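Feature list (source: TrEMBL):
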{"type": "DOMAIN", "residues": "73-466", "note": "domain 'SLC26A/SulP transporter'"}
{"type": "TRANSMEM", "residues": "77-96", "note": "transmembrane segment"}
{"type": "TRANSMEM", "residues": "103-119", "note": "transmembrane segment"}
{"type": "TRANSMEM", "residues": "125-146", "note": "transmembrane segment"}
{"type": "TRANSMEM", "residues": "167-186", "note": "transmembrane segment"}
{"type": "TRANSMEM", "residues": "250-267", "note": "transmembrane segment"}
{"type": "TRANSMEM", "residues": "279-298", "note": "transmembrane segment"}
{"type": "TRANSMEM", "residues": "326-349", "note": "transmembrane segment"}
{"type": "TRANSMEM", "residues": "403-423", "note": "transmembrane segment"}
{"type": "TRANSMEM", "residues": "429-453", "note": "transmembrane segment"}
{"type": "TRANSMEM", "residues": "460-485", "note": "transmembrane segment"}
Amino acid sequence: MLRPSTQRYSVTRPLYSEDAFEDEHAKVYRKHKTFLHHVIQYFTCTSERAKNTAISLLPIIGWMKTYSFKDWLLNDILSGVSTGLVAVLQGLAFSLLASIPTWYGLYAAFFPVIMYFFLGTSRHISVGSFPVLSLMVGAVVTRLVPDEGLPANITAFEGLTKEEQRVLVSASLTFLVGLFQLGMGLLQVGFIVMYLSDTLISGFTTAAAVHILISQLKFVLGLTVPGFSGPLSIIYTLESVFTQITSTNIHDLVTSIVVMVMVLGVKEINDRFKSKLKVPIPIEIIMTVIACGVSYAFNFSENHGVDVVGKIPNTIESPIAPSLQVFQMAAVDAFPIAIVGFAVAFAVAKVYSVKHDYVIDGNQELIAFGASNIFGGAFKSLAASTALSRSAVQESTGGKTQVAGLLSAIIVLVVILGIGFLLEPLPKSVLGAVVIVNLKGMLMQVVTVPYLWKKDRPDCIVWVGTCLAAIFLGLDIGLAVGLGLELLTVVFRATCSMPIEESEDESNMEDLDKPTDYSDLPIQVNWNAELPANIQVPPVNIHSLVLDFSVVSFLDISALKVTLTFDMSFPAYIIEKLRNCKFFDDEIKTSIFFLTIHDAMLFINESHPPKTVSEKVMKTFGDCTSFICSFKD
C-alpha cells in the first residue's frame, strides 16, 4: 500500500507577460531537414542498415539462429502433424463457403504457409483458409459467376466451364487482396488495425458466423440452393431453403446431426480436461474417417443421392495469371477482405506473442500476408488468414515456431499428391457440420451484448449496429457501417465526456475481464530477457513508472481490459467508471493517482531516496515495484 506523502512544494516565479517571457527565454528554432535530405537518407545504404533490413524483411533469419533442435524440434513435429490434419479438413470445408471445388481449399493450407514461413513474425498462428474470408470471397464469386444466369462479361471466361470461371475469380481476388496487403505493408500503415476495435470485430465476426451458418444449411439438408449476394441475400437464402424444406435428404440430415453432436461433445471434454490431456482428442479427424468409411461402404452417392467431395486431382495445377477485369469488378470487395484478414490474423498473433513473450511487427505481418496471398492466388488458392481453432491446435500441441506450420503444409502436400483419393467419398454434409460446429465461439459472442449495455452503451451500439448491418446488408457494407458508428462514438465521447453513472444493480456486476480470459497471459515483462536479434536495447530495471494520462478523454471496454491487464490508471472522471467495473482491489488503489507529474516525482523521490551521487543519476533504476499515474481534471 502506498503511504501518504509528507512532502509539500510551492512554486515561486516572476509574473510574465508574453513579451517579458520571450525576452528572458529566447525561442530556439529547429533546423528542419529538406525533402531532398530525407530522400538521400532513405536511400543511403550501410552494412548495419542492410543487415537490419534483411532481418526485418526475413524474420526467419532472427529466430532460426536461436532455434533449439534438441528442445523444440519434436514439439514442432507433433504440432505440425496435428495442425496439418486439421488444416486438410478445414480447407475442404471452407472451400464450400467460397463456392469453388473443395480441393482448392487444400491449396490455401499449402502455398500461403510456405511464404509466411519466411516472412511472418508470429511463431504460433496457423496460416490458411478462414471461414469469414472464404464467405466474403464466395460472395464475389457468386456475383460474377451466378448459379443461374450468365456470368459477368469477362474476356478470360471464354472457353472455361462454370467451375473454372469461379476458380479464376477466386484466384484473381486472392491475388488482389495480396496486392492491397503488400502495398499497405510497404507503406507502413499497419496502424490501421487500431481503428478496428475489439467490439467492432466481435460484432462483425458474429454476423459473419450467422451468414456462414445459413450458407451451410443446403449441405446439411442436402438441398440445391442458388447463391445470393448483396443486401438481404441472407433473407433470399432462407426463403429458398424453407421453400425446399420438404425435399430434405434424410441421410445428409442424420449424418450431419450425428457429426455435430459427437464433435461438440468431445470438444467440451477437451476444454474441460485440457490440463490433463497432452493433446486434444482429434474428434473432427476421427468423424471424417468414419464418415468416409460409411459413405464408401454403403455407396451414399449413388444409392442415397448424397453429395460427396468427389474427384480430388493428385497433382498441383499450373499457376495462372490473374484477370485484370476481375480486379476492376472486385476492387471494392478486395479491400475489406484484406483489412479483415489482416485484423483477425494480427489479433490472434498478438495474443500468442504476449503469452510467449516475443515481438510481432504489424507492418511486417501485412507484407507477409500480402506475399502469401499473391503467391497463393497465382496457384488458385483461397484468400489466407488464420483460423482461431487451427492456431489453437498448433499452439496447444506444443508448437514452438513456424517449423510446425511448414510441417503442416507438408502433410497437406502428402494429402494432395498421395492420399487425397481416400477423401473422395466424404459427404459434403459432414464438411458443413464441421463448419457449423467451429462457429460456436463466434456465435457465442452474442452473450457480450448485455454486458456491453451495462458497462459501455456506445460500445454496445457499435456491436449491435455492426452485427445487424453485416447480417442484412452484407459483410462489406456492414464493416463500413461499423467503422462509421465507431467514428461517431469517438466524437460523442470526446465532446460529451462526463462521469459515468453507476449501474442500478451494482451487486450483480461481473468482473471487468469476464468476456476475455487473460488468466494464462503474463502480467509482468522480464526486461532482462534476451531480445530478438534485430532489437538492441540495454537491460533496465525499473522501480517506478509514471504514466501521464492527462490527455485521455474517454475509456471504452477494450481499453478497460488492457488497463486491468497492465495495472494502469486514468483521469478523474473515469475513476467512477473504473470503480463501477470493479477495477480497484487490495493492490490497485486510488492512492496511486496524482494530480500532476511533479506530485508523482516527489512521491517517488520520497519512496526511493537516492543515497549516493550515482544513485541520483540512476534513481529510476531498481526492481519494478509500482505503477504511478498523473492526471489533470
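Backbone N, Cα and C define each Cβ position, glycine as well.
Since the structure is predicted, the reported quantities are computational estimates derived from the model, not experimental observations.
Counting C-beta pairs under 8 angstroms (sequence separation of 6 or more), the transmembrane segment (250-267) fails to reach the transmembrane segment (103-119), with fewer than 3 such pairs.
Outside the transmembrane segment (125-146), and at least 6 residues removed from its termini, the chain residues within Cβ reach (under 8 Å) are 83, 87, 90-91, 94-95, 97-100, 105, 108-109, 112-113, 116, 152, 154, 157, 162, 165-166, 169-170, 173-174, 205, 208-209, 211-212, 215, 226-230, 233, 326, 329-330, 333, 336-337, 340-341, 344-345, 348-349, 352, 369, 372, 382-387, 390-391, 393-394, 405, 408, 435, 438-439, 474-476. Only residues 6 or more beyond the boundaries of the transmembrane segment (460-485), in the same chain, are considered here, and those with a CB under 8 A from a CB of the stretch are 132, 135-136, 139, 195-197, 199-200, 202-204, 206-208, 210-211, 229-235, 332-333, 336, 339-340, 448-449, 452-453. Tertiary neighbourhood of the transmembrane segment (167-186): same-chain residues 98, 100-101, 104, 137, 140-141, 144-145, 156-157, 160, 192, 320, 322-323, 326-327, 330-331, 333-335, 337-338, 341-342, 363-384, selected by CB-CB distance under 8 Å and a gap of 6+ residues from either end. Ranked by Cβ pairs under 8 Å to the transmembrane segment (279-298), the stretches 103-119, 326-349, 403-423, 429-453 are led by 429-453.
Annotation: stretch 77-96 has the most Cβ pairs under 8 Å to the transmembrane segment (429-453), among 77-96, 103-119, 326-349, 403-423. Counting Cβ pairs under 8 Å to the transmembrane segment (403-423), the top-ranked stretch among 77-96, 103-119, 326-349 is 77-96. The list of residues near the transmembrane segment (103-119) in space but at least 6 beyond its ends in sequence, with Cβ under 8 angstroms from a Cβ of it, reads 57-60, 84, 87-88, 90-95, 127-129, 134, 167, 170, 312-313, 316, 364, 367-369, 371-373, 375-376, 379-384, 402, 405-406, 408-409, 412-413, 415-416, 420.
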